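A.B. asks: Before anything else, here's the structure in question.
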Amino acid sequence: MTESNNVHAVTEGPEVDDAKCSFHHRMFLEPQEQKRSVKALVVKQAKKTCSCTPTKVKDCVFSFLPILQWLPKYKLREYLLGDLMSGVIVGVLLVPQSIAYSLLAGVEPVYGLYTSFFASLIYCIFGTSRHISVGIFGVICLMMGQVVDREIERAGYDLEPAVLSVPPGTAAHVNTTLSPANGTSQELLCDKSCYAITVAATMTFIAGVYQVAMGFFQVGFVSVYLSDSLLSGFVTGASFTVLTSQVKYLLGLDIPRSGGIGSLIVTWINIFKNIHKTNICDLITSFLCFLVLIPTKELNEHFKSKLKAPIPVELVVVVAATLASHFGKLKETYGSSISGHIPTGFMPPHPPDWTLIPNVALDAIPIAIIGFAITVSLSEMFAKKHGYSVKANQEMYAIGFCNIIPSFFHCFTTSAALAKTLVKESTGCRTQVSGLVTSLVILLVLLVIAPLFYSLQKCVLAVITIVNLRGALRKFKDLPKMWHLSRVDTVIWGVTMAATAFISTEIGLLVGVCFSMLCVIFRTQRPEAPLLGWVAESETYESLSAYKNLQTKPGIVVFRFEAPLYYINKECFKSTLYKQTGINPVRVKAAKKKAAKRMLREKGVGSGDNQTSISMDLVSEPLGFHTIVIDCCAMQFLDTAGIRTLKEVCKDYGDIDVHVLLAQCNPSVRSSLIRGEFFKEGEDHLLFHSVHQAVDFALGTQGHSGTSASK
């Protein structure tokens with residue numbers, strides 16, 4: 001059964017004004033029929049889901065494995081050179097970064113290489129973006145490392161770094177591995193390094209499961225609560241924590257890694273307590289690496305349009321530092337901390353430790369959300385830039401499988417990384433074949449070159465990590481521009497950054513999301529609510545406080561409320577309306593009642609005619625206007641409290657002979673008003689399609705009433 005909305009329109013004829021009211025005619029809008037049968041919808045969806053045709057199976061497979069779509073169409077001559085160049089360059093950059101970020105994640109360097117290899121390979125199969133580089137991301141490594149250190153401490157291991165002379169195992173308690181050198185079986189007790197990667201792999205598995213589940217249930221909408229300013233503030237705040245965690249390596253200090261609330265402050269306190277133990281060799285090495293890396297990185301950015309490929313300065317520094325450490329015997333002579341043995345080849349796959357899942361399941365939630373939010377946002381950004389589309393849910397599947405599958409091969413959590421993606425794009429990447437090339441470069445390192453990094457100082461890896469934080473820390477330069485564009489976004493950025501840096505990364509993310517929501521609520525709780533004036537020679541009404549030379553119609557007040565009307569702002573709506581019109585109908589009604597009672601009391605005691613006439617004048621004192629037009633164009637929706645508030649406003653003003661008309665209501669608001677029985681029988685003329693129609697109707701009605709009264 002359908003309902004008709006009767007909405008007034010106004011037509012102007014050549015007739016005189018006193019007959020104007022007769023030219024109002026009704027515009028009938030008949031809503032579309034909506035089938036609300038739940039059973040029919042369920043049956044229709046079930047048929048659509050359960051149907052199995054060759055075409056649907058093919059579409060499903062191609063959608064799940066995008067590589068089957070784009071690889072057969074690969075243009076060898078056009079794409080291959082760019083993909084090869086970008087793949088090799090990103091692979092060269094990833095090698096030192098993978099080793100460096102392993103320290104941040106609290107695991108041995110080889111696991112960073114494993115992670116980069118599998119992430120690039122798997123995303124090539126499942127991903128829909130042609131340009132993003134999936135691999136190790138500093139913020140996620142930091143969050144991972146905090147959990148790893150906590151679980152190591154709970155398990156009774158000390159937090160001092162250990163350098164193993166044999167490849168670490170992967171079992172939780174007792175591990176059997178096949179040595180790649182001699183092929184013999186060795187049974188090793190699981191030490192701290194082994195337990196660390198077990199915790200990291202288990203957490204990676206859970207985070208991947210969360211991401212795949214979000215893709216399956218199509219809950220990608222969660223990422224909308226992570227605004228650009230929130231993510232930027234979170235990354236900047238986490239960058240301070242990352243920087244702080246690496247300072248001990250720069251100075252060669254042997255202090256435990258702090259975790260939990262206030263870890264940044266605790267770490268700096270420990271650094272200053274132990275500053276007298278600084279290793280001068282590590283300090284000088286760090287200083288020299290900064291002198292080389294920072295200027296060269298700046299040159300890469302400044303001349304990126306002229307350079308065909310960025311200078312691989314990180315790899316040069318790693319090679320030079322390794323040679324200097326090895327031939328200078330820096331560990332033996334000065335006690336410098338080095339990376340230690342990095343085995344070649346791959347270890348046998350091993351499942352995550354299922355008994356650890358209850359310990360890390362909660363910690364994996366923010367890691368999963370941050371990982372897919374950054375991946376999806378970067379995918380969409382580069383897809384828009386290059387004119388193709390990506391599927392957000394498939395991206396969640398892709399990043400989820402980039403975590404689930406590698407977790408069986410001693411890897412930790414990955415996501416897209418902006419810096420490497422920019423390098424990949426600028427060096428000619430056309431498809432994810434470049435990701436395959438990157439995997440081959442890392443595979444070469446794993447099979448042949450990895451053991452050569454034995455003497456690499458950890459302070460060099462710390463310098464590489466810190467230098468790569470420049471992009472996040474540069475956000476402070478953008479604050480004046482951000483403040484000029486949106487003060488609310490700037491405050492969200494600042495609150496999220498401070499909470500992430502000074503409290504903890506997980507709590508900082510939660511604080512940022514909650515604060516962003518509160519900002520939205522506060523902005524709708526006390527929105528703008530101006531009076532409107534008429535733009536001459538038009539049918540437009542605009543804010544009197546924003547524009548000059550607007551006209552007002554005599555006896556008519558036009559009011560706009562620029563927010564949904566719901567339970568949070570209903571009192572603000574009423575108080576603002578009363579303030580803008582200058583009339584509180586409840587008080588006026590109370591004053592009239594009080595004056596009427598006084599008049600009756602004065603009559604009862606035989607008061608004079610003069611006092612009675614004064615009381616009568618008070619009762620019938622003019623208000624200055626006879627109609628209020630409420631412009632509802634900015635009201636997206638009404639709830640029950642909003643409908644009740646409109647009813648009360650109409651009734652209260654009606655009691656003092658002021659009519660309230662509604663204009664420019666969207667279909668949702670109209671439907672809510674009808675369902676809420678806002679209109680009494682014969683009162684549907686209160687609703688208008690435009691403010692101009694409502695004002696003309698009020699003028700015509702008042703003129704007609706005045707003519708009738710004079711007769």
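One is the number of the first residue shown, and numbering goes on along the chain from there.
The backbone N, Cα and C atoms fix where each Cβ goes, and this holds for glycine too.
Annotations in TrEMBL come from automatic prediction, not curation.
What TrEMBL shows for this protein is this:
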DOMAIN    546-698  domain 'STAS'
TRANSMEM  79-100  transmembrane segment
TRANSMEM  255-271  transmembrane segment
TRANSMEM  277-295  transmembrane segment
TRANSMEM  356-376  transmembrane segment
TRANSMEM  397-419  transmembrane segment
TRANSMEM  439-469  transmembrane segment
TRANSMEM  490-518  transmembrane segment
A.B. asks: Any contact between the transmembrane segment (277-295) and the transmembrane segment (490-518), i.e. 3 or more CB pairs below 8 Å with pairs at least 6 residues apart?
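C.D. replies: Output no: the transmembrane segment (277-295) is apart from the transmembrane segment (490-518).
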A.B. asks: Which residues of the same chain, at least 6 past either end of the transmembrane segment (79-100), have a Cβ under 8 Å from a Cβ in it?
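C.D. replies: Residues 109, 112-113, 115-116, 133, 135-136, 308-310, 312, 314-315, 317-318, 339, 342, 420, 423-425, 427-431, 433-442, 445, 453, 456, 461-462, 464-465, 468.
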A.B. asks: Using Cβ atoms and a strict cutoff of less than 8 Å, what residues sit near the transmembrane segment (397-419) while being 6 or more residues removed from its termini?
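C.D. replies: Same-chain residues near the transmembrane segment (397-419) but 6 or more away: 64, 105, 107, 111, 114-115, 118-119, 122-123, 126-128, 132-137, 140-141, 144, 170, 197, 200-205, 207-216, 346-347, 349-352, 367, 370-372, 374-375, 378-379, 468, 471.
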A.B. asks: How about long-range neighbours of the transmembrane segment (439-469): same chain, 6 or more residues beyond its ends, C-beta under 8 Å?
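C.D. replies: Sequence-distant neighbours of the transmembrane segment (439-469): 87-88, 91-92, 94-101, 103-104, 109-110, 113-114, 116-118, 120-121, 124, 138, 161, 239, 242-243, 246-247, 249-250, 252, 282-283, 285-286, 289-290, 293-294, 297, 314, 317-318, 321-322, 325-326, 330-331, 336-346, 419.
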A.B. asks: Cβ under 8 Å, sequence separation of at least 6 from the ends of the transmembrane segment (356-376): give me the contacting residues as numbers and ranges.
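C.D. replies: Sequence-remote neighbours of the transmembrane segment (356-376) are 132, 134, 137, 139-140, 143-144, 147, 151, 154, 172, 198-199, 202-203, 206-208, 210-211, 214, 220, 222-223, 226, 231, 234, 392, 395-396, 398-400, 403, 413-416, 418, 505-506, 509-510.
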